[in-house]
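Q: Before I ask anything, here is the structure I am working with.
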Amino acid sequence: MSGESMNFSDVFDSSEDYFVSVNTSYYSVDSEMLLCSLQEVRQFSRLFVPIAYSLICVFGLLGNILVVITFAFYKKARSMTDVYLLNMAIADILFVLTLPFWAVSHATGAWVFSNATCKLLKGIYAINFNCGMLLLTCISMDRYIAIVQATKSFRLRSRTLPRSKIICLVVWGLSVIISSSTFVFNQKYNTQGSDVCEPKYQTVSEPIRWKLLMLGLELLFGFFIPLMFMIFCYTFIVKTLVQAQNSKRHKAIRVIIAVVLVFLACQIPHNMVLLVTAANLGKMNRSCQSEKLIGYTKTVTEVLAFLHCCLNPVLYAFIGQKFRNYFLKILKDLWCVRRKYKSSGFSCAGRYSENISRQTSETADNDNASSFTM
């Protein structure tokens, strides 16, 4: 073999050029190392990602802030599911606030911020993903108790509702623990003449095995185990709804199912690409063309994964009737405050009190249902 041999301890990233081994003749086992340039992938990422991240940041921040404001104005109407959805909105807000940094990094082709910022932003993404999956698991279990275990629902949920804040704190804590490897291994370092913010495992023995181990643990606890819980819960939920033929129950669960499906549709493609990338680590016979394809796919699916941050508020607005009503009330109240007084003569305060009174009356009709999913 001519040329330099590949170091199997290196953990390749799809944005870096590397050497591939190709046969020099059909009958010869000799091969030579050729440089696989991923400049096309980097150029595509430099143009596509900043625009996509900017749009996701604007719409995600606006939508999730409105969700938090809506919950804040109508906090008496919360159920356990509402508390989980509120925490998911907070996680999404924290996440989209990091996107401008990544947009700048892709646009400039280098990580221009500090090493501490690199670790922090990478960690926030991992925590957001794991927290979202665990909260969706909690939502699924809450809906399972409310619908499948209807006879026990009131007793169980009435005991658990006051503890919803503790449950959310546990979820956040587990998310931090699951994502701890992200804070440890991600760092700013120089490669091919520019600084990057990527995982670096060269400080440990057998870095490829370490990367596979960390990736496996994150996927296991942050994706596959929650997914199994959701499949179990929603299988019995759908079975119960089909048997009940209750349109009101169908409306109550519709928004939750939509949120789960959208989240999985956004996250599964990118995680499958990461699995393929991990499976290719250390292989000598990696095709340059296939690596370019993986690079393009990773860029697009990553944007798709981030897109869920601004899709959840849209789902609430178009599917959740009570959320839509509450949101419209807030808009009317804000408009009323701006105008101070309507031509009819009654004040904004009176109108707001009327809205609150109506909201409280509506909530009393169904204390056990999620106010944002009916």
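Glycine is no exception: its Cβ is also placed from the backbone N, Cα and C atoms.
According to Swiss-Prot, the protein has these features:
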TOPO_DOM  1-47  topological domain 'Extracellular'
CARBOHYD  ASN7  N-linked glycosylation site
CARBOHYD  ASN23  N-linked glycosylation site
TRANSMEM  48-74  transmembrane segment
TOPO_DOM  75-83  topological domain 'Cytoplasmic'
TRANSMEM  84-104  transmembrane segment
TOPO_DOM  105-119  topological domain 'Extracellular'
DISULFID  CYS118-CYS197  disulfide bond
TRANSMEM  120-141  transmembrane segment
TOPO_DOM  142-159  topological domain 'Cytoplasmic'
TRANSMEM  160-180  transmembrane segment
TOPO_DOM  181-211  topological domain 'Extracellular'
TRANSMEM  212-238  transmembrane segment
TOPO_DOM  239-254  topological domain 'Cytoplasmic'
TRANSMEM  255-279  transmembrane segment
TOPO_DOM  280-303  topological domain 'Extracellular'
TRANSMEM  304-321  transmembrane segment
TOPO_DOM  322-374  topological domain 'Cytoplasmic'
Q: Return one of helix, strand or coil for CYS118 (disulfide bond), based on DSSP.
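A: Assignment for CYS118 (disulfide bond) reads helix.
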Q: Per DSSP, what is the helix/strand/coil residue tally across the topological domain 'Extracellular' (181-211)?
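A: Each residue of the topological domain 'Extracellular' (181-211) counted once, the result is 10 helix, 12 strand, 9 coil.
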Q: Report the DSSP secondary-structure composition of the topological domain 'Extracellular' (280-303) as helix, strand and coil residue counts.
A: 16 helix, 0 strand, 8 coil
Q: Can you name the far-off residues of the same chain, 6+ from the ends of the transmembrane segment (84-104), with a Cβ under 8 Å from a Cβ of it?
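A: Apart from its flanks, the transmembrane segment (84-104) reaches 49-50, 53-54, 56-57, 60-61, 64-65, 67-68, 71, 78, 112-113, 117, 121, 124-125, 127-128, 131-132, 135-136, 138-139, 142, 164, 168, 171-172, 259, 306, 308-310, 312-313, 316, 372.
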Q: Average the pLDDT scores across the topological domain 'Extracellular' (181-211) and report the rounded value.
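A: On average, pLDDT over the topological domain 'Extracellular' (181-211) sits at 83.
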Q: I need to check the long-range neighbours of the topological domain 'Extracellular' (105-119): which residues 6 or more away from its ends have a CB within less than 8 Å of a CB in the stretch?
A: 42, 45-46, 49-50, 53, 182-183, 186-188, 194-197
Q: Counting only residues 6+ apart in the same chain, whose Cβ is under 8 Å from the Cβ of CYS118 (disulfide bond)?
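A: CYS118 (disulfide bond) has long-range Cβ partners TRP111, ASN186, GLN187, LYS188, CYS197.
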